[in-house]
């Protein structure tokens, strides 16, 4: 029978395996350790690296310049990557000019958006009632709407003033009611959705500076991108370099190309308006031309000189704002308030018997 050695576990729980019974008197009391042969590794550079502990070496080494070029083409360019590249290759003035143009464009945009364009406050209930009494010459008790126009003489030219039924007043010359803002704007040019505000007498100079500086900035960006690609394509074809560059550069070229034509066209149109002392509203309606088939009349606001017109539109004194920013907006519907016997009604003349408080 097999004997279990003293001080060792049973065959089922021994980590050394089951105890063996010696078949001969000279057999050792412990079994000899069994060594298994290592598994054969698949042939290749990875297996040799695992056996030797060193990384595999390629049979054909890649040049260092090719590695740098592939890394340069695979990584996306950082923002404003053209400015640092052109600053290193050409001059440091390029990013400085770009920053100055950018901040000037943003400042003009903010001034156009947040400046009062020249909104005229609406007539009060008493002012509207007094105006209707002045217009109504019949003396009848029935309501008669006021006429739509009046005529005034400006520099020898008859100009019609239209009555605004929303604001309850006759509009001053060159004033129009904006359907988006629902306000009468003095020297109304147009309502610009891109700046979120009307363009009128008080913010037209900022709008003109905005579109003019934006056209310069767009042309400057287009020139920088073309110069960047030209410098990178030295010694190779320009089209092949354009294909190898990231998609951001061709996209910038396309956007700048179409933006230049649209913004330059808008700047040129407003330059013509400034030189003629016209507004977009007057040019579209043909107020001083024969666009509607009528006879062409002379613009009474023109100073007959391009320089004088530009100075009058862009460099003239800025009129004060007529908006009370500390006031509260009241609804158009006014509830009748009780009138005391000792106070006259709105717009009515006091009775002679009540003057001095004595009958």
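Each Cβ is built from the backbone N, Cα and C atoms, and glycine gets one as well.
As recorded in TrEMBL:
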COMPBIAS  9-24  compositional bias 'Low complexity'
COMPBIAS  25-45  compositional bias 'Pro residues'
COMPBIAS  46-57  compositional bias 'Low complexity'
TRANSMEM  90-110  transmembrane segment
DOMAIN    160-285  domain 'Palmitoyltransferase DHHC'
TRANSMEM  206-231  transmembrane segment
TRANSMEM  251-275  transmembrane segment
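If one looks beyond the transmembrane segment (206-231) by at least 6 residues along the same chain, the residues whose Cβ comes under 8 Å of a Cβ in the stretch are 82-83, 85-86, 89-90, 94, 97-98, 101-102, 104-105, 108-109, 111-112, 115, 189, 192, 195, 199, 238, 241-242, 245, 249, 252-253, 256-257, 259-260, 263-264, 266-267, 270-271, 274, 314. Counted with DSSP, the domain 'Palmitoyltransferase DHHC' (160-285) comes out as 71 helix, 19 strand, 36 coil.
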